[in-house]
């Protein structure tokens, strides 16, 4: 090399210098001294030359190169070029120029694109790590997420510079950092192989040259996850289909298709090899080195599958491509068809990857755009395509120039910053020439294309004339020259205008279009369907697309990647200086570096600058708004040093003083500490001495006191010994004498032993010996005779158990023992055991002396009854006649015995049977009941007398049928009965349960009760029905009329039981016992007492029980129950005959008789039948008065003329008519009667009268049945029951006044009236408005005035329980929703009379809910039922998004009508769904809920509001500005049950992320049931676990692991099982969010909004099990082995997934057999049938069943002695050493790898992903996790990339379980990543592989 420059400075050995090689750019060289001292230069190329010219010393930054070329000291072309050269030789291909990345194509594979590199560069600032394309990609992603602004990355460079690969790398990086491994990500990535196949080709410069431009826009959601993409293609080179230059190929797809198709497919399409087709061999290059066309074809087919191209689509594409090849062989150019096909493919790709936003038009998503477009082109022959390509590059160059240069200069000019202008290339003139100015080049080409006679020559002439004077345009040399030139920013390009117009027209002639329309190829027709809609010329289309592109780029924040190719030969490590310097100049890099280096890269606003540097000012006055102050900053800089020195001196003084003060303070503190320490030590020593002295003194005192105590004790003991000796002697003598006397007496008269049966017979000797059915003695009352022929029971033999009552009693160890009770509650020295003496005082304390006397009397009676004392001699005196108070025992309840019992009563008691009067006393005296039980139990405890004990148990049994003990004694009595003898203990316990359940009795026991006690069996009573039959039913002492009615209804199959009552008849009287809680035995006892009063025997009392209809409901329907109707019908007919019903009109009886005629005899007409009807229906009195003949005629006539004969109606319906006729005619005969006394109210003739209540109303009558007043139910406005001094009372509010009535049955009467009122209101359709309601602006609500009659529409649209009904205003005819607070529903089934309506009108003062006159304006902070017109908060965003809010909140709280079909979850979705998606709405939700709970008078509404608040505080917290008000709201309501819990939930939520989805159904159900605890069932374990609204899945997993006492929660997870799949729940998500996201299927409206309908929730199970199998060693955690490991691994083994030996299978089968049968060897014979549960499925046929049996038994016997659990653990230990232990297995179908079988088994474990041959179970390959770059799953596919991001191997398989494989891979990779991060600090090095 010859140097011609002169010296500039001396150089030294090894120094680097710049030398001029004569190529226009200096190069680097190193100085070398020879032995002679001469200087030689060794340049960068290694050439050595003598120093002959001037050299310049190289800046140190240019010697080794820098990452960022802005830092170069030699800021010139040479510095840039050498920096790229040095880094290229070092193998570094990336270099920064500020924020612009320069990428040099290495033409070799480099280890720079692994998953570790992705993780390394993610989240790092630009420049923090070495330059990399990933750094630019991460900058785009970071800026997009941080600033919410769209980004774009413009990748430019010449063909072959690596633009396409850089684009793919950015895409791969964005997909990786998105972190979702979603199918949409994989689809976006798989679009590249398809587009490359159809749009790339081999050229001279590039083996994979993109022959089209593309702009890829990737869309991200708010979480930064990819949710779609869109691709635009520009100017495909269609001419390449028909023509290729030498050494170039056609598009890749043709060669791949021919290499990869099967022979059968080729034969079908008549295809051969590539050399047979003209289109493929014109470039004389069929094979491309480095490309495997067959493998690429497989890759393309895989990508087409992923992008949802069906097999039909693929075959149609192949057919079209084959047709093109065949057309080429007949010399037909079909480029237009290929262009259309390419556009169609891009459209199909976009339809797969471009998803329309689902959150409505207001949903905003960000995007990153990647522009990969053809670089600047300048060939030997340039045509129309090159003109369009270079025009696009001019546009992009101007965009780059404006961004980097003009924006920088304009910014500095705007700020008045003095700087040196830099001249840079501006291509505005070129763009004006091409497309901006009038008559521009492209416009002239378009214009000439529209002329039919236009040619390329005329076009060129017009351009020459129009632009001859333009310095950017180079006209043709002469009229025959068809070339013109353009001076582009990259140089001059000459274009051959031949063919311009034809290419620009881009149109097919009509003949070809008609031929296409007639084609049978569906795809071909689709390609040309929309041809009429496109722009007419190709340049017009291209300009339109380019304008759209530039508009999109201008809205984004741009980033640039400049791709350079080091040489044209595609060789690695070769750097062509001339080529690279040309690319540098074209790119404008020189000026970029200068402007960024010389400019001001750090920029602050004036306000920020003032805040940051104002401390440097020498003045405190500075106004940021005044521009005069700007120079102050520059003036103050020279003063900084002086000011700094002064301030530093002052600071030193301050520091010295402060340090001195601080040291003194520390010294004082230390000194004080020493003093405290000394004080403490001295005090401790003094205390020690004191304690020793104190101990010595205490010892001395104890010794002295002990001596004195022993001395005193000795003297007292001697005195007591003497006293005891004398006493014992006296007692011994007395006892001896008594024993002698007793022995003599017993010897004289010793009775024979008596059995228990004999004692019972003797005790109950007054009872009959057989068991009879009660209620059949004597004659029945008139009209109530029945046939006693049904259900007669057999005599029950009296059986007495052999076991004798217990005599020994010891229950001290029981919690509720009678011993403890006696110790706690007995008075004085009374014990708990049996005695025979009288008591000096009652066992229990009684305040009243009379009660105490009564208790002592009871004790005397009990002793007599049990035989513990002898019976006294009876006084020969007849008992006086019982007083009325003694007869009417029911009225004596609750009176004290002290007021009734005297000497005369006691004498009377002594003359009566002991049992009955004992209980008469107990019933009278409530305080004595526990006393009676205690006395009886006391006499049973340790009672050694068999006869006495038996009598005591009988007595206790009778008591337990009359009255229960108090709560004080209850549990002790139950415990005592539990320890009783088997003959009486259970029997008494059951009687206790029954009397407690049904309440105490009011009368003493009757004879049939005593008979039941004797046999310990239930008593049978006969109940007569109105159809003449009777039914025997079992009853006991506690039986009530309700129980009898229910039992009878069940027996006769009666369904409509209301109104039927039990009646009792005695002599000629019949009265109702009702169907409630009245005791049947009390009524029978009253009858027996009446018989006894007459001096007759009680067992023959003539009482009868009847079952009759007593009451009707106003809404009675006879068609509901045929049995009920028949019974009532029989009752009516019987009543007619007996004269029970009275009527002034005989026609009433005749009509009823005619109906009876039809029911009995049908349509037949007969005088004999009529006679029978008259005899059976008409009273004898009427027959005698009217004559029988006359009545027969009337009945016959009525029957003949009746409507039943012709209509053929059923007898059941006619019976219903009879019932309805009687109900309407005689309502008083179906009434409930109560004797009352009027205490206050409107004046009536009498104050004592009878109230009759029936279905028709309420009637007041005197004793002669004269009506005093009659009230219909609409006239009753209210009823209340209360207690006054003289008894119970009822307050009856009516339109005629308020009546206060006193009655014994006041409670029952009030309940009956209230029940009628509520039932009528529930069924009523009439209401009266209480206030004016004007809702003209809301069509949902009804408007009405006070007093309007409203007809309720009961169509179920609104729920009355929530305070809303639907109604029609009779006055206006309008229909709408009505608030129940504003109306009064009338209790009636018919429209009330006008008089009643007038009375029901609310008064002028207003009724309930009346509207206040002159009410003020609505308060915004208080509750209102009016939907708000605008949001509460002043925010435009909230205003736009919250207009759907008020109605759902009001509807949920019941303040706005809601349709009945709406579910609560639907409303909560509408309330909270938008708020979880839009943060500004969250405060609005809080405000509206709190507002609606403020000053709300409806308790129900407030309760629902608290439910919403509870849900809200579990979803998101309010903003800081609203937080304190929300907390105060909750704190100010401490009485609300949910307030404290809401506050606690809110506090928890403050430190957590908000929920992403509205509440789950489980949460809503829980709070709707007023439970603030949420339980959800988790399977394994099969248990419910408490969760909260903010429970994350990882926390729940830990809680469950802790609950199960697992060694560790690592590796476990929650899974959700739905009908379709089982999927894992992500650890970091909230539990309920995951459930909703997976199980909810939201109903979409037509507008596509979410949360607009009730979610259709699919059934699911949540399962807890092991997910990741690492650190699993069988035997280490027994719970995990038994609960999870064994159940999860056993199915895999039995399915045959593992490879194992025969010996291993036999051993394992023995263990599994032991797990099945344990030690039951009898099951050996079942082994052949159990083989599928013992042996892998694919190995069962390797031996015969008998051989398996033999081997398994042998293995089983060898394992003898182990338990089931040990067998399970042994099984796990046997398989844990297999490489497939813990694997998850998936059988898939694959076509990606020809060397693998089509069906492959994929096993995922902690080691990695293994491919296994399912037939041989041989391992095909294993891929470690760090080798797996990317993976994703679709609905039926799973895809995985192995290797780096550039040349990775793609594997696609078909499976429906891809989601499981995806989740497992992600979980294992995340686990290892967390482990690496936990043990290694973050640094700038690459991750180790």
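Just so you know, glycine gets a Cβ as well, placed from its N, Cα and C.
Unlike curated entries, TrEMBL annotations are predicted automatically.
Per TrEMBL, the features are as follows:
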DOMAIN    64-675  domain 'Myosin motor'
BINDING   157, 158, 159, 160, 161, 162, 163, 164  ATP binding site
REGION    546-568  region 'Actin-binding'
DOMAIN    1019-1324  domain 'FERM'
REGION    1397-1416  region 'Disordered'
DOMAIN    1560-1876  domain 'FERM'
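In sequence order, 203, 205, 206, 209, 210, 374, 375, 377 make up the list of same-chain residues 6 or more apart from residue 159 (ATP binding site) whose Cβ falls under 8 Å from its Cβ.
On the 0 to 100 pLDDT scale, the model's mean across the domain 'FERM' (1019-1324) is 90. Counted within 10 Å of its Cβ, the other Cβ atoms near residue 163 (ATP binding site) come to 28, all protein chains included. Each residue in 105, 206, 375, 563, 565 lies on the same chain as 157, 158, 159, 160, 161, 162, 163, 164 and has a C-beta within 8 Å of the C-beta centroid of that ATP site, without being one of the site residues. Less than 8 angstroms from the CB of residue 157 (ATP binding site) sit 103, 163, 375, 562, 563, 564, 565, 583, each of them six or more residues away in the same chain. In the region 'Actin-binding' (546-568), helix, strand and coil residues by DSSP number 9 helix, 8 strand, 6 coil. Under 8 Å, Cβ to Cβ, and six or more positions away along its own chain, residue 160 (ATP binding site) finds 105, 203, 205, 206, 209, 565, 568, 570.
All protein chains shown were included, and the count of other CB atoms within 10 Å of the CB of residue 162 (ATP binding site) stands at 24.
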